[in-house]
Amino acid sequence: MTDVTIKTLAAERQTSVERLVQQFADAGIRKSADDSVSAQEKQTLIDHLNQKNSGPDKLTLQRKTRSTLNIPGTGGKSKSVQIEVRKKRTFVKRDPQEAERLAAEEQAQREAEEQARREAEESAKREAQQKAEREAAEQAKREAAEQAKREAAEKDKVSNQQDDMTKNAQAEKARREQEAAELKRKAEEEAHRKLEEEARRVAEEARRMAEENKWTDNAEPTEDSSDYHVTTSQHARQAEDESDREVEGGRGRGRNAKAARPKKGNKHAESKADREEARAAVRGGKGGKRKGSSLQQGFQKPAQAVNRDVVIGETITVGELANKMAVKGSQVIKAMMKLGAMATINQVIDQETAQLVAEEMGHKVILRRENELEEAVMSDRDTGAAAEPRAPVVTIMGHVDHGKTSLLDYIRSTKVASGEAGGITQHIGAYHVETENGMITFLDTPGHAAFTSMRARGAQATDIVVLVVAADDGVMPQTIEAIQHAKAAQVPVVVAVNKIDKPEADPDRVKNELSQYGILPEEWGGESQFVHVSAKAGTGIDELLDAILLQAEVLELKAVRKGMASGAVIESFLDKGRGPVATVLVREGTLHKGDIVLCGFEYGRVRAMRNELGQEVLEAGPSIPVEILGLSGVPAAGDEVTVVRDEKKAREVALYRQGKFREVKLARQQKSKLENMFANMTEGEVHEVNIVLKADVQGSVEAISDSLLKLSTDEVKVKIIGSGVGGITETDATLAAASNAILVGFNVRADASARKVIEAESLDLRYYSVIYNLIDEVKAAMSGMLSPELKQQIIGLAEVRDVFKSPKFGAIAGCMVTEGVVKRHNPIRVLRDNVVIYEGELESLRRFKDDVNEVRNGMECGIGVKNYNDVRTGDVIEVFEIIEIQRTIA
């Protein structure tokens with residue numbers, strides 16, 4: 001796993017560097033801001049924090065109460081309704097100091113509420129008593145005045161009216177009692193209303209204080225800070241308790257309080273929903289509207305979007321990016337569609353796309369380099385020694401059979417071409433030779449067009465290109481390719497005009513043809529040296545070596561000889577007895593036996609080194625090609641080889657490269673492009689030739705795969721189901737049987753178990769040693785899958801001289817055959833003024849009232865056209881036939 005620094009980890013955890021250093025110190029790990037953190041130290045910190053915060057922070061209790069409620073319906077029938085009441089209560093473990101502070105605040109709040117309630121009640125009682133006393137005094141005055149009037153009137157009235165006066169006095173007394181009761185009720189309602197207003201004011205103040213405390217607590221987030229939702233639920237419960245006290249205090253007074261009291265015998269009287277309704281009725285007032293909801297939650301939507309620091313690696317899935325931004329995956333997909341990219345939630349996207357999406361959604365992006373370990377391993381190498389002159393690396397290029405390998409054989413005084421099938425070099429050979437003037441390293445590249453990638457790889461590793469051109473053949477297509485590769489690599493070219501001893505040799509023609517491609521000889525004012533050689537007779541070989549060494553002296557080639565080596569893989573293959581074998585060309589430093597090497601996706605310790613002659617060597621300096629053993633797998637040709645110090649880190653880098661390659665490959669495959677849409681629509685109509693390919697070396701596998709894939713057309717595609725280096729195994733045969741594929745072996749053979757599977761499944765197994773035959777046979781197989789081309793061929797013309805009527809066939813054209821032959825039941829066209837007016841079938845063909853099958857040129861006949869009666873004199877009837885032409889792959 002890649003180590004990160006304290007600063008990077010702090011940015012990811014969104015905390016300060018000082019706090020993170022303090023947390024590491026609490027866990028027993030001393031770190032500074034620039035120190036790196038390993039995976040084990042991360043785990044130690046996490047365990048420490050978990051132990052510190054051990055114990056459940058929340059305890060949630062749930063209760064369900066089920067009952068049945070009978071509701072009267074229409075027609076005197078009652079309906080039973082199942083009611084389920086769910087109660088949920090969460091207990092939160094608080095810090096002791098925080099709990100004491102909250103308890104003190106709650107106690108102070110309760111005391112303030114109780115004091116306010118008592119003061120309000122006393123004030124209401126005093127006001128009601130004073131008002132009652134004032135009204136009683138006024139009533140006494142009125143009664144005294146009325147009594148005086150009655151006494152004066154009684155003196156003037158007769159005694160028989162005393163009974164009526166007694167009745168009036170009783171009625172007046174009842175009216176006074178009623179007025180006193182009404183005044184008392186109004187006083188109680190006024191006191192109750194003031195009490196409710198005071199309670200609401202205190203509750204609102206408590207809510208405001210709770211909201212301020214919440215924002216104060218969230219201002220400095222820490223590791224053990226309480227959850228926002230927990231704090232909100234606490235204050236919500238406090239508000240509910242206050243409202244409950246309001247309802248309890250208001251019971252028995254007023255209509256609203258009576259309405260809020262539950263009925264006797266109701267099973268659900270004490271449910272939370274009923275209490276919520278009662279509180280809503282109290283808050284709403286008389287005839288008021290409910291403002292609260294029994295299911296209202298305490299969460300408030302943020303007023304503005306939260307901008308986050310999003311850490312993005314080199315690849316990330318859409319779902320992971322959405323989680324880092326705390327948004328839904330659908331929002332990320334919508335943002336990508338606005339940017340012109342379509343993706344699914346599990347699709348892997350690259351770093352650039354993820355950065356665009358995150359910045360488009362308003363977040364700050366932190367790009368994390370995942371190859372920090374690889375860079376650290378590569379930089380930890382002792383390559384500071386002084387540079388020394390080194391031998392040139394020469395690549396021999398040219399067309400097929402122009403004499404490249406023969407020229408190199410003569411230089412090395414060995415015969416390697418006899419081991420090459422058909423005299424054609426099948427894979428790269430690397431050799432170094434000692435001359436009187438110095439050492440030269442040669443790379444022999446194949447000349448066939450299929451080995452373009454191998455030849456390009458040779459040009460990347462070379463210093464000088466020797467372009468071999470046959471004097472009797474001139475410039476050929478592969479010669480032009482070699483020139484293009486040399487120019488692309490900016491490598492100087494030395495031209496070797498071979499086969500100069502042949503009588504038909506024409507070196508001037510070679511110079512003229514090469515001058516058209518920018519290769520000018522020195523005598524013409526150019527920069528390229530032309531040497532006339534003969535690989536058979538040995539003519540001009542010394543001059544060619546002198547020209548190479550002269551060019552190398554001009555280039556001033558130097559390399560560091562001491563220190564850890566680096567180079568490139570020229571070729572690799574899997575040997576049955578030795579395992580993975582790689583041919584390595586050392587560029588700098590010295591490669592020793594026992595060194596730890598990192599090579600692309602593979603790594604290992606060099607167990608053995610051999611030179612091109614098969615001899616064991618202990619070290620190899622710059623420009624020396626060697627075969628090394630001990631790698632974990634077969635590397636790809638062209639991979640960089642680097643000597644590192646630590647085998648464990650080399651393994652980590654190799655595994656990281658493998659995972660990175662898979663991720664990038666998957667991202668590339670899943671990326672949906674508009675230009676692929678129509679290709680996907682017609683995918684079901686394409687025939688496929690499935691091939692399982694095995695070859696002796698990795699370079700041949702690459703070259704053959706590229707050549708076969710280039711043969712694909714819109715109708716027939718070549719699909720490489722599997723490929724590899726080594727013999728054909730039982731697994732390869734099983735794969736070919738499952739996928740209905742052709743087994744192709746290039747310079748390899750099938751083992752005994754594979755042959756049994758091949759015979760049992762009747763598989764198509766083919767062996768090749770020359771790539772020409774392989775490509776030609778695959779072309780033939782693909783040509784057989786092509787649908788034939790249909791071509792119309794005109795076989796005869798007949799001119800209409802007269803038209804007759806027939807009760808059986810309708811209009812019969814009396815014709816004269818002017819060209820070719822007219823055959824019965826062939827398709828025809830009717831031409832009028834050289835314009836096709838009808839296309840159909842010849843139904844009837846007669847000559848002298850006899851049915852005939854054909855009529856030749858210069859003869860008269862009667863022609864009946866099927867389902868067509870508009871034949872006129874002067875028309876031309878064109879008879880043709882449809883022939884099938886077998887198509888081939890070009």
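Quick reminder: no glycine exception, Cβ is built from N, Cα and C everywhere.
The GTP binding site annotation in Swiss-Prot covers 398-405, 444-448, 498-501. In the three-state DSSP scheme, Lys404 (GTP binding site) is classed as helix.
If you look up Swiss-Prot, you'll see 67-81 marked as compositional bias 'Polar residues'.
Residues or ranges marked as compositional bias 'Basic and acidic residues' by Swiss-Prot: 92-217 (among others).
Residues annotated as compositional bias 'Basic residues' in Swiss-Prot: 252-266.
According to Swiss-Prot, the compositional bias 'Basic and acidic residues' annotation covers 267-280 (among others).
The feature domain 'tr-type G' is assigned by Swiss-Prot to 389-558.
Annotation source Swiss-Prot lists N6-acetyllysine at Lys808, citing similarity to another entry. The DSSP secondary structure for Lys808 (N6-acetyllysine) is coil.
What Swiss-Prot records for 45-304 is region 'Disordered'.
Residues annotated as region 'G1' in Swiss-Prot: 398-405.
Swiss-Prot lists 423-427 with the feature region 'G2'.
Annotated region 'G3' per Swiss-Prot: 444-447, in sequence order. For the region 'G3' (444-447), the model gives a mean pLDDT of 55.
Through the fold, the region 'G4' (498-501) approaches residues 398, 402-403, 407, 468-473, 507, 532-537, 539-540 of its own chain, all at least 6 residues removed from its boundaries and within a Cβ separation under 8 Å. What Swiss-Prot records for 498-501 is region 'G4'.
Taking DSSP states H, G and I as helix and E and B as strand, the region 'G4' (498-501) has 0 helix, 1 strand, 3 coil. Looking only at the recorded positions Lys404, Lys808, the densest Cβ neighbourhood within 10 Å occurs at Lys404. Look at the compositional bias 'Basic and acidic residues' (92-217): DSSP puts its residues at 120 helix, 1 strand, 5 coil. DSSP gives Gly398 (GTP binding site) a strand state. For the pair Asp401 (GTP binding site) and Lys808 (N6-acetyllysine), the C-alpha distance works out to 74 angstrom. Sequence-distant contacts of Ile500 (GTP binding site), defined as residues of its own chain at least six apart whose C-beta falls under 8 angstroms from its C-beta, comprise Ala471, Pro507, His532, Val533, Ser534, Thr539, Gly540. Cβ packing within 10 Å was compared across the binding-site residues Gly398, Asp401, and the lowest neighbour count falls to Asp401. Note: the compositional bias 'Polar residues' (67-81) comprises 3 helix, 10 strand, 2 coil (DSSP; helix = H, G, I, strand = E, B). For Lys808 (N6-acetyllysine) paired with Lys404 (GTP binding site), the C-alpha to C-alpha distance reads 80 Å.
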